[in-house]
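Everything below concerns the one structure shown next.
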Amino acid sequence: MSNGEKHVIYSSNSAHNLEWSQPEILVNIIHLISINLNKNKTIQQQQHSPIIFVNACKAQNPKPISISNPFAVNPMLLGISSAAYENELIINFKTFENGLLFYSMANHGDHLIIQLSFGRLEIYFDFGANQRNVLFGGLALNDGEWHEMRWLHHFDSVELFVDSILINTTEIGGLYRKLDLNSEIEIGGRNEEFVVEKIHGLNIENGFHGCFARIMLNSVEILSSAPAELKECKIPQPQLFSLGLSTSLQIPYTFLPFSLDFYIIPNSGPLLTILDNENSSLLQIKIEEKAEEIEQEEELLPNYIISINTGFEGDKPKIFSIGPPGWHSLVLKLRADSLDLVLNSKTIFWVQGNQARQIGAGMQTFLLSASGCYRSTTIDLNQGILLGNEYKRDECSLIQKCSPNPCMNGGKCIQNNFYTFNCKCSNNYSGRFCQISKLPSSCEQYFALNTSKNIAKRINKQLVMIDLDGGGSLKPFNVECKKINNLKKKEKSQKENIEYFTILNNDAPKSGIQVRGISEPGSVRHILNYGLDMDELDNFISSFEHCEQKMSFQCSKDQRLMTYSGEDNKRPSVWYTTRNGQQGLQWGDAPPFSRMCPCALNDSCLLNFKCNCDSGEASLDEGINSHIQLLPILQLFIGGGTSSQSLANVSIGPLECSGRYISETITFTDRNQRLLTSLNFNNARTFYASIQIKLTHSSLTIFTFTSTNQERWFQLSVRDGHLVGQIVNAGLINEIISDVRVDDNRWHLISWEIDEQKQILRVDSKEKILKDFFILPKTSILIIGSRTYIPDRSGFAGQLKHFILNGESIRLGQLAKKVLGNGIQLGEWGACNIKANNNGKCQNEGICVELYDGFKCNCSLTPFAGDTCEEEVGMWLSTGSELRIAWQHPGQVNNCFRINVQTSNINNNGIINLIRANALFAESRFNLSIDKEGHLNAFIFDGFFFTQNVTYDKIRMADNKSKDIRFCANSTGFFLNINGEIALSLLGNFTFFSSLNVWNFADKQKFKGCISRLMIGNAFPLKNPKESRLLYSGKINFGSCPFDKIEQHKNELQKINSLNSDDYYNEIHLSSFVKSQKKLLFITPIIGLLSALFILLTLFIFLVYIQRRPDGVYKTNENNSNFLPVPPLIPILSNNYEAEKNTSKKYNNKETKFAECESLNDAPQPQEFFC
């Protein structure tokens, strides 16, 4: 395009799915290139281009015409309506000068004037309301290139496009929306007889010298009625020259005046330097930027000045304003003893006398140093001497990137060179165009990002600046953020019961608005200011589910509210107005337009009136107005006093809103579900998405923003626990992968930014940057969750909130309500937090791991196993079995222990040890045993002098019932529980338990029974014997512990007296451990025999090798010219590997053998093969 912007046409990958694009451009030649990136990261043309159908309409005017004198046309004769509510004017022009393009001035004041002034379009229009509007646009449009101006009028809005780019827009004020055209429209200037007419406040150009290719008004070509004597477009072309950075042009002095036009990159630096024969500066003209910035035409543009320094001693630099960037003329004149410098036809500097003669006598060279474009009709720029390599002859390569200012939110545009620019953003914004706000978009997000502040308070209140649309067109503003926790301190689950309020204050006095004395109803108007314009208020209100505002009306005697004195009760005394201009005829939370007060809702008003103050007595009416369609209160109309003592005091509180739609959390419980919505960002130059996620699965699809044919998309997904941003365009895939794992069931703030130069993927505060060339796909359909309808579980399971896409808030809650219950829930829902079924999910203190589409139980911190931690892990021990830990791993030491015992054994002559522990390098010991009475006994010795020997006699251990024993020892004492009840409690310092590292379990000679739930510190020996270093031997039956085996054994002894009790017991309880040992008795000899044969075979091969090994030095063929190194057998992978694979046969003349060879590549000779 002529403005330097890339015009991308998106095509389908298949001819069966056509896509249509309507660029609406006037061209002579269409050059379409299918672009891609090669390995060197440069644009290349692909070998296979898609099929493209081009529909072109022939222009009504066959050839561009040259114009130097104006002409007029009658719109009525051309079939153009003289008055219309919608108008479109398109002008294609080129010129090197300023001039008047279009002029229409009707009798009633309606006018439309379009001119080029200082290289910029100026459009003045009025629709008869005597309220002139003006639009500015473009820079350096007098550069001799073709440009297109498009002025669009749609009832009450006007837009200006320059070279297909929206430059400016405005809303029409006044009462009229229709443009009346004059009976004659003047093109290319005005007739000489009307030039003397001046329009108040306007400086209108007189004529126009250039070319027109099209002037189309409301689809009618005006040039078709141009005079026949107008010739084909021919404009003398001045000599052009472009200088890049660090490049200068030396022009020898030949004659004066020295005249040229310049259009430079707006950077500070020398423009023109006049040098003498010693290369000393005689006169230097510099471009400098003012320290302050000015706001002009709603754009933040830098203002530049020219600084002139003569170099004479004592002379100070002369400073002159140059204005915004564009083409400027510069002329240096020298006559006798006078030197003048003329800028844009105005003399800005002159020197006379001796100084002028010294400059004239000494000048040898003119040095142009500023980066930009130069043109001249009197100077041969091509004969200059170049100092540098960055230049172009006979063309202007500068493309103005900073007009209109592409930087949003007050960002400053800085052009770096001919084609690129940067945006200098303010502190609260970032991104290539400063389109990303660093401010929170809501109070909910503010508290989520500042969780470390005010945690201990139950009510938090903070003044916060928020940005509702995350960097869009709405300006940020200050609100009060309030967080109220409605739970008691003892309750743990607080997140679901926190309320967030966003408070917008107004300028109403805290003491109230007072009106005294006699007054007509509504005679006193008071306007409330909230610091926002109407559009911002509308967006603020519409983004919340609930808003309210407190209203209070205090009255004295003879002052009324919803009625007036006497018999005139049809008029209210006080009312308010809303955003849409409607009158609020109620007070507080009374029904809208009911002329009632809150007291009427429960029949508590004085004297049975509808309001307390309508009774004529001194009273008070107050309440909370929660009707969101009537909020906020913008104007108050107060009156109705009937005596000099009447007093009305009205107080309006701040606007308090809650339930921000963007803060609604939704939960996906089915990975096959999806949410769909359509969004259109046709003019977006970047892509930006921000969302908060909470998930557990390591592979998910969060959202896909795709085209209608689903051939191009942006996709954010999770792969192997890492976030992946994927762009697919024209069959090419670009991915950026974060280094941070997000599958930890915690909230993460994700932002993904893409422009033409780079991608940035942020997870919380950590970012990943990928620099490349990106063409953003054209997309319109947002899919949240599963991209396909196939139940492949490739969608999303987890929680989402705060979703912003290209500055637009995605209301997830409203989308979820359409499919509520079908795998998508409102709120923070999960399989693990359902209280009714929580007991049946993970048992025995297992931790429930939330998957959202299910759950799993983490049993690693318990001695249990199974999917829900319901399986006992134990063993049956017969007499003679041994369990011990010779040396506990230091990393498994802790101060709590557990063992579950079931036995009926009693040693009448002593004790039966359950746990015996001691330290390897100390004398401390611990012994837990069953005494001869069947009670539990604990013996503790710290290794020095402290000894404890206690027995708990309230529970009999040897009663063939399960006893779950837990005990902990720390610096405060020793505490032991049996089946959840406190059994022993000893006070003192028992920290020496951490030194116990040798453990023996179950008395080898005396214990017979069941042991399970064994926990020693952080280890579970029965569950993980190898990790906990558990050693065992004897007759042991592993697995789930059979607690009822003892009773079964006693019953069988009474029925079968002929069998020996020990033999019978061993027969029934033959363990799988013993069975496996018997199997090994048969396998071991076979393994030994095979091992011996293998050793003998290896030894025989080695002896044969030694015997046949040649003597002397080995000869190789590495120096042979015919030798080709054998490459490693590594498969070469490519997309066309099967097509590239080549199998051939090579014949060897010397050895007369054939070899099967596979070609490794198709490269030129020498080729490499492996055989």
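Numbers here mean position along the shown chain, with the first residue as 1.
Note that Cβ sites are derived from N, Cα and C of the backbone, with glycine treated the same way.
Between C434 and the candidates C425, C443, TrEMBL annotates a single disulfide bond, the one to C425. In sequence order, C407, M408, N409, G410, G411, C423, C425, S426, G471 are the residues near C434 (disulfide bond), counting only same-chain partners six or more apart with C-beta under 8 A. The 10 Å shell around the Cβ of C425 (disulfide bond) contains 22 further Cβ atoms across the protein chains shown. Each residue in the domain 'EGF-like' (398-435) gets a DSSP state, and the totals come to 0 helix, 10 strand, 28 coil. The domain 'EGF-like' (828-870): residue composition by secondary structure is 6 helix, 9 strand, 28 coil, according to DSSP. Over the domain 'Laminin G' (663-832), the average per-residue pLDDT in this prediction is 90.
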